[in-house]
Amino acid sequence: MNPLITTGQRPGDRTALSVNLNKVALLRNTRTLTIPSVTRAATLALQAGAQGITVHPRPDERHIRSHDVFDLADLLRDWPAAEYNIEGNPLHNLMDLVRRLAERGQAPQQVTFVPDAVGQSTSDHGWSLPQDAAQLVPLIREAQGLGARVSLFMDPLPQAMAAARDTGAERVELYTEAYARAHGTPRQAEVLAGYVAAGAAARGAGLALNAGHDLNRDNLADFLAAVPGVEEVSIGHALIADALELGLAETVRDYLRCIHRASA
Ligand SMILES: CC(=O)[C@@H](O)[C@H](O)COP(=O)(O)O
Ligand SMILES: NCC(=O)COP(=O)(O)O
């Protein structure tokens with residue numbers, strides 16, 4: 001097995017919650033003001049118990065801007081136990097940001113490689129492996145050399161997980177939109193079984209498991225109860241929407257309760 005692959009979760013550990021702050025930045029960018037503050041939102045989320053912060057600095061800076069990436073890195077110096085997860089396409093702007101952070105001694109704990117096109121409205125597919133591997137492997141090695149763990153955003157395809165492992169990445173993030181759409185419908189069990197198989201294939205290949213996209217308070221516990229060994233969920237859109245109703249701190253606590261409920 002690739003010695004670079006590590007699985008950090010110990011038996012009995014609960015899934016870590018990484019709060020994605022893209023939508024805080026999206027709202028802020030609609031005016032030339034500084035509110036809502038991305039760093040303030042990160043502080044509130046971490047104070048409420050979130051284990052990490054995720055951002056997806058897209059090349060068009062529609063929401064998270066480059067300065068947010070560095071502002072959050074500075075903030076997270078005060079939160080040494082928290083994980084910083086930076087998502088993006090390593091063939092676009094992501095690696096430049098990671099290199100600049102590493103030069104400052106602030107490499108993120110994790111980067112998540114996502115195969116999004118520049119103008120794509122949101123993430124809607126994972127990598128095609130082994131087809132994409134040749135262009136990814138050197139960037140995976142570079143990111144690891146800079147001090148970051150690498151997670152690959154993947155569709156829940158069991159047959160792709162050995163190829164994901166062969167890239168040298170430590171983790172895969174299961175793209176959970178299909179599950180979210182099926183949740184609460186007659187197809188839920190069938191679709192969830194696919195994620196269980198993909199998760200088992202990933203972990204059987206020696207990869208650690210993350211999950212994200214369209215997870216929310218209604219569907220999160222069912223997913224985690226069914227799919228063993230999810231080490232991290234990154235959640236943004238629904239969580240920030242909930243925060244408009246409940247407040248960010250209470251919302252984070254509610255999502256943590258969903259995670260705890262799944263492992264009860
Ligand atoms: C990779 C993924 O599914 C999300 O983390 C992504 O950050 C969503 O991007 P938007 O917030 O721009 O929709
Ligand atoms: N990787 C998923 C993520 O960070 C947030 O996705 P979403 O909850 O905004 O759909």
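Cβ coordinates are placed from backbone N, Cα and C, and glycine is handled just like the others.
Note that TrEMBL annotation is computational and uncurated.
Annotated active site, proton acceptor per TrEMBL: His56 (among others), in sequence order. In the structure as shown, the Cβ atom of His56 (active site, proton acceptor) sits within 10 Å of 24 other Cβ atoms.
Glu87 (active site, proton acceptor): 26 other CB atoms within 10 A of its CB, across all protein chains. The active site, proton acceptor annotation in TrEMBL covers Glu87 (among others).
According to TrEMBL, the feature active site, proton donor maps to His213. In the three-state DSSP classification, His213 (active site, proton donor) falls within coil.
Marked as 3-amino-2-oxopropyl phosphate binding site by TrEMBL: Asn20, Arg31, Asp214, Gly236, His237. For Asp214 (3-amino-2-oxopropyl phosphate binding site), the number of other Cβ atoms no farther than 10 Å from its own Cβ, over all displayed protein chains, is 19.
As annotated by TrEMBL, 1-deoxy-D-xylulose 5-phosphate binding site applies to Arg58, His63, Thr122. Thr122 (1-deoxy-D-xylulose 5-phosphate binding site) falls within neither a helix nor a strand when secondary structure is assigned with DSSP, and so counts as coil. Within its own chain, Thr122 (1-deoxy-D-xylulose 5-phosphate binding site) has no residue 6 or more apart in sequence whose C-beta sits under 8 angstroms from its own.
Following the DSSP three-state reduction, the secondary structure of Glu173 (site 'Transition state stabilizer') is strand. With a 10 A radius on its CB, Glu173 (site 'Transition state stabilizer') counts 27 other CB atoms from all the protein chains. The feature site 'Transition state stabilizer' is assigned by TrEMBL to Glu173.
Within 8 Å of the Cβ centroid of the 1-deoxy-D-xylulose 5-phosphate site, not counting the listed residues Arg58, His63, Thr122, the chain contributes Asn22, Leu26, His56, Asp60, Arg62, Ile64, Ser121. Checked against ligand 1, the recorded positions Arg31, Glu173, Asp214 give no residue with a Cβ less than 6 Å away from one of its atoms. Residue pair His237 (3-amino-2-oxopropyl phosphate binding site) / Glu173 (site 'Transition state stabilizer') shows a Cα separation of 17 Å.
Reported as a whole number, the C-alpha separation between Arg31 (3-amino-2-oxopropyl phosphate binding site) and His63 (1-deoxy-D-xylulose 5-phosphate binding site) equals 12 Å.
Taking a Cβ distance under 6 Å to any atom of ligand 2 as the criterion, the binding-site residues Arg31, Arg58, His237 reduce to His237.
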